[in-house]
Amino acid sequence: PPQSEKSPDIPISDLFFHHFFRSGHLSKPQKQAMGKGGSLSDGVIKKILLSYTYVAIWIFLSFTVIVYNKYILDKKMYNWPFPISLTMIHMSFCASLAFLLIKVFKVVEPVSMSRDLYLSSVVPIGALYSLSLWLSNSAYIYLSVSFIQMLKALMPVAVYSIGVLFKKEGYKNDTMVNMLSISFGVAIAAYGEAKFDTWGVILQLGAVAFEATRLVMIQILLTSKGITLNPITSLYYVAPCCFVFLLVPWVFVEYPVLKETSSFHFDFVVFGTNSICALALNLAVFLLVGKTSALTMNVAGVVKDWLLIAFSWSVIKDTVTPINLFGYGLAFLGVAYYNHSKLQALKAKEAQKKTAQADEEGGRLLEEREGEGSGKSSESQD
């Protein structure tokens, strides 16, 4: 089609954020996506609706997995307090399905990976992932769903701090002040927690630290080498590692207890549906980030946290105090400001890239015109 009729190639996340916040100035390509009178064109409206759908699917699945894990592990509910075993069930299910899709049905092509790269990159990431899942699932035994979501607000703090430590992020005073404000809000929320459990808090903070380290290690060990894994290949390579790493503590911690519990029988309905939900969540994360952006997922995560807090208070009947909400409100403002800063930085980077491309194209046109001019002058001399 002619250039004027061609749909502008812009990130759907930009339109998502503009539609969500109704703020900021639109770039020229974004204005082209708008109809007369500033209204969005039908194609862009469909894309925005799709991105809202991806967000809704991810929130629903994440919500379901968290509540389902809480139901299984909590002693007052299903009463199966074996977090290592539950995580191993998830990993074995995901690894088996990924193996079938890649090796048997050949639905997905495996990533070419040498043994040295696997041992130096995938194995450390698998170890960190197994520790993160083990500790986060263990925290559900001791803490309420609402308080765990409040503690998870420390994730940006952990990712930024570890990123600075490994020199993947530049230290900035204003960003550090923002991180301290988030930490202060979470500290107030912890102070106001009615059923505060020190061991549970240690477990959840450990899970946050290991997960943040894993995210930074993915950037250092895989992304920097040009290796990207979709959810199926990621599970194919990482899930067996997690299973092996979890097998060691399971033999010493949970296996003796399970062996003595003669009344235990494997509930295929509960653990099967729980594993399917965990797998679906992995696929939803890839869908959301692939179709929108990681920043969109962060903002959607804040919405999910508030929904979980409301659900925990109204349905599960967890105690949520005013001090809890005040502290988490402060942390929420800090996280929102952090996400806003990230969005502005991404927009500035995109604008800089587009300016550089425009300058490069302008230089090429100028060189072509100069070449044509010199060719014509030589012809006139002849």
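Every residue, even glycine, has its Cβ placed from backbone N, Cα and C.
These features come from TrEMBL:
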| type | residues | note |
| --- | --- | --- |
| COMPBIAS | 354-373 | compositional bias 'Basic and acidic residues' |
| DOMAIN | 53-339 | domain 'Sugar phosphate transporter' |
| REGION | 354-382 | region 'Disordered' |
| TRANSMEM | 49-68 | transmembrane segment |
| TRANSMEM | 80-105 | transmembrane segment |
| TRANSMEM | 117-135 | transmembrane segment |
| TRANSMEM | 141-163 | transmembrane segment |
| TRANSMEM | 198-222 | transmembrane segment |
| TRANSMEM | 234-252 | transmembrane segment |
| TRANSMEM | 264-288 | transmembrane segment |
| TRANSMEM | 295-316 | transmembrane segment |
| TRANSMEM | 322-339 | transmembrane segment |
Closest-packing stretch to the transmembrane segment (234-252), where packing means Cβ pairs under 8 Å, from 117-135, 141-163, 198-222, 295-316, 322-339: 117-135
Chain residues in Cβ proximity to the transmembrane segment (80-105) (below 8 Å; excluding those fewer than six residues from its ends, i.e. six or more beyond): 69, 72-74, 130, 133-134, 137-138, 140-141, 232-233, 235-236, 239-240, 242-243, 246-247, 249-250, 253-254, 257-258, 271, 274-276, 278-279, 282
Per-state residue totals over the compositional bias 'Basic and acidic residues' (354-373) - DSSP helix, strand, coil: 20 helix, 0 strand, 0 coil
Beyond the flanks of the transmembrane segment (198-222) by 6 or more, those residues with Cβ under 8 Å of it: 120-122, 124-125, 128-129, 131-136, 138-139, 141-143, 148, 151-152, 154-155, 158-159, 161-163, 166, 168, 190, 228-229
Listed stretch, out of 49-68, 117-135, 322-339, that has the most CB pairs under 8 angstroms to the transmembrane segment (295-316): 49-68
Contact ranking winner - 117-135, 141-163, 264-288, 322-339 against the transmembrane segment (49-68), Cβ under 8 Å: 264-288
Segment-level pLDDT (mean, integer) for the domain 'Sugar phosphate transporter' (53-339): 90
Surrounding residues of the transmembrane segment (141-163) on its own chain - C-beta under 8 Å, 6+ positions past either end: 66-67, 70, 73-75, 81, 83, 169, 175, 179, 182-183, 185-186, 189-190, 193, 195, 197, 199-201, 203-205, 208-209, 211-213, 215-216, 298, 305, 308-309, 311-313, 316, 318-320, 324, 327-328, 331-332, 334-335, 338
Long-range Cβ neighbours of the transmembrane segment (322-339) (under 8 Å; 6 or more residues past either end): 146-147, 150, 153-154, 156, 175, 178-179, 181-194, 295, 298-299, 302, 305-306, 309
Remote residues contacting the transmembrane segment (264-288) - C-beta distance under 8 A, at least 6 residues beyond either end: 54-55, 57-58, 61-62, 64-65, 68-69, 72, 78, 86, 89-90, 93-94, 97, 230-231, 234-235, 258, 296-297, 300
